[in-house]
Amino acid sequence: MSSLVLIDQTNTIHFPIFSVKTANMDTETTQTMVEEEEPLLSNLDIFLFSLIIGLIIYWFMSRKKSEPIPEFKKLETVATPSSRETSFIEKMKKTGKTIIVFYGSQTGTAEEFANRLSKDAQRYGMKGMAADPEEYDMGELSRLGEIPNSLAIFCMATYGEGDPTDNAQDFYDWLQENDDEDLSGLNYSIFGLGNKTYEHYNAMGKYVDKRLEELGAKRIYDLGMGDDDGNIEEDFISWREQFWPAVCEHFGVESLGDDSSIRQYELKVHTDINMNKVFTGEIGRLKSFEVQKPPYDAKNPFLAPVTVNRRLNKGGDRHLMHLELDITGSKIRYESGDHVAVFPTNDSMLVNKLGQVLGVDLDVVISLNNLDDESNKKHPFPCPSTYRTALTHYLDITHPPRTNVLYELAQYASDPKDQEHLRKMASSSPEGKALYHSWVLDACRNILAVLEDMPSLQPPIDHLCELLPRLQARYYSIASSSKVHPNSIHICAVVVEYKTNTGRTNKGVATNWLKNKLVTDNGHKSTVPMYIRKSQFRLPFKATNPVIMIGPGTGIAPFMGFIQESGWLKEQGKEVGETVMFFGCRHKNEDYLYQEELEEAEKNEVLTQLNVAFSRDQEQKVYVQHLMKNNKEHLWRLIHSDNAHIFICGDARNMAKDVQAAFYEIAEEVEGMTRTQATDYIKKLMTKGRYSQDVWS
């Protein structure tokens, strides 16, 4: 879908006044010369005068040329510790590695799986390395055959509507653009990470698998596909259990039978260090939160002050909130439909409890240094830092630990029964998988709960910090338009809090952290580290195209931006097409989000039609799809005759599927299509960019 690019006219320099003045001066001079009866100089005088001036200029230029020109030595690029080696082939040759595991990761899971596979290689007498495709020249894949018995593994996550992750975008573009690439010397295998609730399940893994084969590469083992809506950990383990025997058979190697723990990092305790050189939560550059420098991105977020934090719902036991972040002076630009990424911190109570259970001083300054000197990843998180900083800002301590973490921790349980329990859950046996599912996943046990419920388990905190995954940024659909709010970004979210079957209360990391971001906290402005992630969720290029928006609950967020933008366009005198909104909530008097703004938009005819489903205000539940069916003729005319664009935001698992099914039924009932025809019709709308979804599970 195309997006409109606006040029900031404040950066354009105009000179109309100066030009007019110059023209006036020229006119006055001409008039004066016309009024003179005789010229002041004869033609001969002008000739001699020009000749003298020419000789003077020639002498001056000759004199300048005779001056010696100083020689400048060519500057040599000095390799620094921070410089990146972009050739993975040279790095593999230098370090004797034969396996490289590339990852396309948005939330960290694919990177985590890649690290586990690269460590696995050691158990088969091979050496592996995990690699971010963004950091290397992927055109070198054709050279991998230079390394005997080499293998490239790809852990590729699919993001959004079948898109590559940010760090795999360039690799994806390279695959699309290079039809004449010869990858006949490349051995490969792929594990894809996706979610079945999305339309384009595992699209990136499927595409890379198919494309590499088309370019001549040899598949060593079948494409694996993990489903995050189910149990992606179990999917990965099942694939991995079959993958390594296939690798051994292909290369003629055997497992060394060594299942002992393999450490990737070594601990260094800093007893005498300048605290100005210690990280305190910065994502990339040290002191980047003290001295902010654009551009702002995932490695350099902007600290945006919170200017508004208010509760949206009037009642009920949930907390729905509206926040506004000030981006004045940051040079950050956004469009309606984009996402804002925020970097949350863990609850200090959880962090303190972890310190108490492990019996350690959390304020010790440490570094975890990679044992592989050639690795681009020198530390698992910014170092040096304290354990407290690592557990607060850098590590995910609330997600249920994966099986590899349990396996590595088992050695530190003094009770043999606990050891057996942990190793069984980490195994690939049906009993082990069932035990992991019930004891860890169903019970929503995080690492603290595991340690509390197994008192004999006392791992060293440095090994635990090595094993825990990174705390990831959280993405929210922006609930404002930059046309109306150029210096402010709005967030709409619901606070996550629930009871587990162990009696514990689990709280969502980001939403509870945002809830506590008061405008002023002890006299200081609260700030949120953030950056913008661009989206394809865009209003039509032609403002006259009708727009149908369906967003129950907090799914209304991007549509608040759309509505603001439509209102702005109307104020500019632009013609705007029909704008229809379908919103849903539980109770009109409790959680009708943005009620005043929506009703005002309808009153001012910015919204031509506002349809609200209150699911629990009557005995029979009413959802947005029911209201759609009540308006089927009108909706079909907008879609089929008026070129309307459809936008859906919210829950992927149920709502998005029910809404899509409602569109099928409308096509069947109004146009007389079969279900197959209706399905094809909606798919064509998707292909044309007229059916867009911003959904989550």
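Every residue gets a Cβ built from N, Cα and C, even glycine.
TrEMBL entries are annotated by machine, without manual review.
According to TrEMBL, the FMN binding site annotation covers 105-110, 157-160, 193-202, ASP228. The annotation NADP(+) binding site is assigned in TrEMBL to ARG318, THR554, SER615, ARG616, LYS621, VAL622, TYR623, VAL624, GLN625, ASP658. Residues or ranges marked as FAD binding site in TrEMBL: ARG474, TYR475, TYR476, SER477, CYS492, ALA493, VAL494, TYR498, GLY508, VAL509, ALA510, THR511, TRP696. Among the features that TrEMBL reports, domain 'Flavodoxin-like' is placed at 99-244. Under the heading domain 'FAD-binding FR-type', TrEMBL lists 299-540. Feature annotation from TrEMBL assigns transmembrane segment to 40-61.
Everything TrEMBL records as a feature, shown here on the structure.
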residue: SER105; record: FMN binding site; Cβ neighbours (10 Å): 24
residue: GLY160; record: FMN binding site; Cβ neighbours (10 Å): 21
residue: TYR201; record: FMN binding site; Cβ neighbours (10 Å): 17
residue: ARG318; record: NADP(+) binding site; Cβ neighbours (10 Å): 16
residue: VAL494; record: FAD binding site; Cβ neighbours (10 Å): 18
residue: ALA510; record: FAD binding site; Cβ neighbours (10 Å): 21
residue: SER615; record: NADP(+) binding site; Cβ neighbours (10 Å): 16
residue: TYR623; record: NADP(+) binding site; Cβ neighbours (10 Å): 18
residue: GLN625; record: NADP(+) binding site; Cβ neighbours (10 Å): 23
residue: TRP696; record: FAD binding site; Cβ neighbours (10 Å): 18
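The candidate set comprises the binding-site residues ARG474, LYS621. Of these, ARG474 has the most other Cβ atoms within 10 Å. In this entry, FAD is bound by ARG474, TYR475, TYR476, SER477, CYS492, ALA493, VAL494, TYR498, GLY508, VAL509, ALA510, THR511, TRP696, whose most widely separated C-alpha atoms sit 23 angstrom apart.
Summarising the environment of ASN195 (FMN binding site), the number of other Cβ atoms within 10 Å of its Cβ, over all protein chains shown, is 21. Residue environment of TYR476 (FAD binding site) contains 24 other Cβ atoms, counted within 10 Å of its Cβ in all protein chains.
Taking the domain 'FAD-binding FR-type' (299-540) as a whole, pLDDT averages 96 in the prediction. For the domain 'Flavodoxin-like' (99-244), residue counts in helix, strand and coil come to 65 helix, 35 strand, 46 coil, using DSSP. For TYR198 (FMN binding site), the same-chain residues that are 6 or more apart in sequence and have a Cβ closer than 8 Å to its Cβ are THR158, GLU161, GLY162, ALA652, VAL695, SER697. The closest partner of GLY508 (FAD binding site) among the binding-site residues, by CA position, is ARG318; the full candidate set was ALA157, ASN195, TYR201, ARG318, SER615. Rounded to a whole value, the Cα-Cα separation of ASN195 (FMN binding site) and VAL494 (FAD binding site) is 22 Å.
Per the record's binding annotation for NADP(+), residues ARG318, THR554, SER615, ARG616, LYS621, VAL622, TYR623, VAL624, GLN625, ASP658 show a top Cα-Cα distance of 24 Å.
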